[in-house]
Ligand SMILES: CC(C)(COP(=O)(O)OP(=O)(O)OC[C@H]1O[C@@H](n2cnc3c(N)ncnc32)[C@H](O)[C@@H]1OP(=O)(O)O)[C@@H](O)C(=O)NCCC(=O)NCCS
């Protein structure tokens, strides 16, 4: 009897093609591999924007003039103030290096060292602002690039000063500054983790990506504007000038949210994946965590912790944790970090445009109440959707505000700035 039952169950198990299981898309299945869906999103994004781009091309023709693209960076090939400004930044690196050497051999006391570093750091921030504001020959894009370099340098030199001081306290200071200046990190260490060798195929792939993406951006880049705007954004922005005047900014921003958001995503990949990995591979810099899975953010806090790891690490190590250690509350510490970040965002936009507006500053400061709201009222997918919405809609509003103000200042007939130069 039992043999019979065993045979029956064996036969039925051989014939059966069903078992107790959940559908893959139900959360109870535990299935997590959505790589294919991600690829689908990318393909859809490319296809839908290719259509938009083709429509735009047919309607407006090619607005791209390579000479004018170059003129975004330089006005006169014999006068390149932005490039000179970047070269001059070496003075601040050498000053920091010299100060550390003096400190390490005891020629400078800690007090003198701190004073010299503080002056050096302050001048690192103020000097480029003075030059950009004074020189008429510097373009907004050139100015923004130079200020970007100086901001990164400021953060690096601050980290360099801090870490060397910590090491002196543990009495084994060394100063390898130039490797650090080029390494894709803002946080100084005496011994960075190093990769065993340079992988040529990896390096070339990243280099190819960097150029391809730059070409893509330039191919759809308007030469007539000194601000980042895609060819297909110009007509939208121009037509949105009227609604802006009657303060329907959110509506205008909705129409250019897709190209703006696409540009931002492309920039993310170009900078955080292709470029930083390229530099890291070249320098055999081992820590490649330049970003984490910010796209899964269910809270605004998670987004800021994961999208720009070099800046987040610097904020934690040199600003937030020291504040907490000195007895400041968590909330105040976070507000202080966002305030500093808001200052730098404004610094990088307002100075090159020579137009003091608070939009970038307000955009950053708005993250605090937004983070509270999302954490308090939204969970899971709703939280994730809120983060995406803030990225897709929030950013274009800020960009549009600058584009609008810049347009009114420089291009509107009879405006103070006159016509385009
Ligand atoms: C403000 C900010 C630094 C807060 O970061 P956070 O990760 O949310 O902060 P948390 O309170 O969770 O704590 C982080 C760290 O501090 C530590 N910490 C928390 N309370 C502490 C305390 N009282 N004392 C010491 N350490 C403490 C935590 O253990 C944690 O350490 P870990 O990183 O080693 O795990 C972050 O939101 C940020 O980087 N914002 C700005 C980002 C930005 O402007 N980026 C610009 C991109 S363009």
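Note: Cβ is positioned from N, Cα and C throughout, glycine not excepted.
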* Choose the correct range: of 308-330, 331-353, which one does TrEMBL annotate as transmembrane segment? Give that range. => 331-353
* Looking at the candidate ranges 141-160, 161-180, report the one that TrEMBL labels transmembrane segment. => 141-160
* Could you tell me whether the transmembrane segment (359-378) and the transmembrane segment (80-100) are in contact, taking contact to mean 3+ Cβ pairs under 8 Å with a sequence separation of 6 or more? => no
* Which three-state DSSP class does residue 345 (active site) fall into? -> helix
* **Candidate ranges 37-54, 141-160, 385-403 - greatest C-beta contact count to the transmembrane segment (331-353) (under 8 angstroms)** => 141-160
* Looking only at Cβ atoms, how many others are within 10 Å of the one on residue 345 (active site)? -> 19
